[in-house]
């Protein structure tokens, strides 16, 4: 390749990435998932599009996609809170194993019938599209305000279900190549190896990487690169040992994000941009790889297969996978069934048969691409609507427009949060002394019209003021309520109830005030309101959990770890309104 060709590639790549970034701003206005925009640009630049670029380098696409997935999952793992694992680990693992098996089997049998394939080839299609995609889930669920149980289950499922899909795909390809029709006992050994090595190397390598970052003094800009290179190394080593590199790099990121780490915010800020670049590159390359004209002949059976997977296979797998977990109500199960988002992983898995030289490899790839496209367009565009219908969205709180870590020491928890006050903030006009700041938080600076003020307790807040607050991460919910908009008060009342009570209040006293019947056993044992609600829920509580008892609807309004702090209450008849 000469210098002119290299420069041409640079120009082409930069133009495609720039177009993807600029057009991404239209995705929210059009209601189209941003990943579809990236995919469409790749298709337009491809052989059947206006770009006319011939691209069929499957090994290169495989390499780029795996590298991008490693970056996305490393970033996603760092942003997953440990509390999410406490709430959703076992349900998510059930969906990642039992759920993927059921989805793959049901989808595979339908694929064999629709495309007139051997059963084992149909099952291969089912395995290829059997797992949800972490890149799609992290991208599309961000900012939706889902309750913690639902959001965490979907995120952890997407980060941990790829080992099963990868293993099924590789196993079925080997069986087709060797003309086998039955499974051997090695099936179980391989799947244990995938999960076992993924967990062991991910956590072990993540711990070593954490110690390296905290013990070695480097310029601030090198810590993100060290974390990135370490994460990719863990991904590559695990994959080379026939373990799940995807699971390993996700757990590595989770460990880094939930332990004290040097320059944490610098790493996260850099990872945010790198994750976006990885998504753009991955979907552009996968879009270039497909030939749209090849999708037309299979459009009808592929659409029927997509509908079968979305409306039959995924719901059945979710209800079966969540059967042992009574903490999920029917609405939450239905919503999780709907969010079976497919993305880059099925397309990457569809490259495996191409590289193995199977007879129907091109068909497998086109079907997988079509299923992903339908999933993103149908499920991706309707996520917000489905979340509201299923009532799994909790009222939002105000988040800072900027947050910067005070990286004095890896163990230092303090950060600076920046809030800008709009006209709709309830605290406008209030004196600083009247703000009920969380304990140990301080207003470090107040800017008005780009001028730094020296505020006193009598200083009143005005529209447009910018406050810099020193606090810790667990102070964000309280600060968010303090600097929230006025209208959400009514929204809070509709969602949580007319009154929000302290969970430490005795249930007997609350029952007497409201004139409630029932709950004698709770009164006799002098249980608190929070204890009663947790006992009725029967699972680790999350904000937004509701239970109807004694003619009232009790809603978890605030919690810390697994303990309920505030409970909303309203009359049960209001539920129908």
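Even glycines carry a Cβ here, placed using N, Cα and C.
Annotation comment: Swiss-Prot describes 403-485 as domain 'RCK C-terminal', evidence class sequence analysis. Across the domain 'RCK C-terminal' (403-485), the prediction's mean pLDDT works out to 84.
Residues 37-38, 41-42, 45, 53, 277, 280-281, 284 of the same chain lie 6 or more positions beyond the ends of the transmembrane segment (3-23) yet place their CB under 8 Å from a CB of it. Residues annotated as transmembrane segment in Swiss-Prot, with sequence analysis given as evidence: 3-23 (among others).
Per Swiss-Prot, transmembrane segment is recorded for 30-50 (among others), and the stated evidence type is sequence analysis.
Marked as transmembrane segment by Swiss-Prot: 58-78 (among others).
Feature annotation from Swiss-Prot assigns transmembrane segment to 95-115 (among others).
The transmembrane segment annotation in Swiss-Prot covers 122-142 (among others).
Beyond the ends of the transmembrane segment (185-205), by six or more residues, the same chain brings 163-164, 166-167, 171, 230, 233-234, 237-238, 241-252, 255 to within a C-beta distance below 8 angstroms of the stretch. Under the heading transmembrane segment, Swiss-Prot lists 185-205 (among others).
For 216-236 (among others), the entry in Swiss-Prot reads transmembrane segment, with the evidence type sequence analysis.
According to Swiss-Prot, the transmembrane segment annotation covers 237-257 (among others), on the basis of sequence analysis. Within the chain carrying the transmembrane segment (237-257), a Cβ under 8 angstroms from the stretch's Cβ atoms is held by residues 66, 69-70, 73-82, 85, 134, 159-160, 162-163, 166, 190, 193-203, 205-207, 209-210, 213, 227, 230-231, 264, 267-268, all 6 or more beyond its ends.
What Swiss-Prot lists as transmembrane segment is 280-300 (among others), and the listing cites sequence analysis. Sequence-distant contacts of the transmembrane segment (280-300), counting only residues of its own chain at least 6 positions beyond either end whose CB sits under 8 Å from a CB of the stretch, comprise 16-17, 20-21, 35, 38-49, 53, 55-56, 58, 60-61, 64-65, 68-69, 72, 115, 135, 344, 347-348, 351, 362-363, 365-367, 369-370.
Sequence annotations record features per position, and here Swiss-Prot assigns transmembrane segment to 303-323 (among others). Long-range Cβ contacts of the transmembrane segment (303-323) within its own chain (Cβ-Cβ under 8 Å, at least 6 residues beyond either end) map to 91, 94-95, 98-103, 106-107, 110-111, 114, 125, 129, 333-334, 336-338, 340, 367, 370-371, 374-375, 378-379.
Feature annotation from Swiss-Prot assigns transmembrane segment to 334-354 (among others); the stated evidence is sequence analysis. Within the chain carrying the transmembrane segment (334-354), a Cβ under 8 angstroms from the stretch's Cβ atoms is held by residues 35, 58, 61-62, 65-66, 68-69, 95, 103, 124, 127-137, 140-141, 150, 153-154, 158, 162, 165-166, 169-170, 173, 282-283, 286, 289, 309-310, 314-315, 318-319, 322, 328, 360-362, 364-365, 367-369, 371-372, 375-376, 379-380, 382-383, 386-387, 390, 392, all 6 or more beyond its ends.
What Swiss-Prot records for 363-383 (among others) is transmembrane segment. Through the fold, the transmembrane segment (363-383) approaches residues 31-33, 35-36, 39, 111, 115, 121, 124-125, 128-129, 133, 136, 140-141, 144, 286, 290, 294-295, 298-299, 302-303, 305-307, 309-310, 338-344, 346-347, 349-351, 353-354 of its own chain, all at least 6 residues removed from its boundaries and within a Cβ separation under 8 Å.
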Stretch with greatest number of CB pairs under 8 Å, the transmembrane segment (58-78) reference, 95-115, 122-142, 216-236 candidates: 216-236
Tertiary contacts of the transmembrane segment (122-142), as residues 6+ beyond its ends and Cβ separation under 8 Å: 33-35, 68-69, 72-73, 75-76, 96, 100-101, 103-113, 115, 151, 154-155, 157-159, 161-162, 164-165, 168-169, 172-173, 176, 246, 250, 279, 282, 305, 309, 339-346, 349-350, 352-353, 364, 367-368, 371-372, 375-376, 380, 383
Long-range environment of the transmembrane segment (95-115) - Cβ separation under 8 angstroms, sequence gap at least 6: 121-127, 129-131, 153, 156-157, 160-161, 163-165, 168, 298, 301, 304-305, 308-309, 312-314, 316-318, 320-322, 336, 340, 363, 367
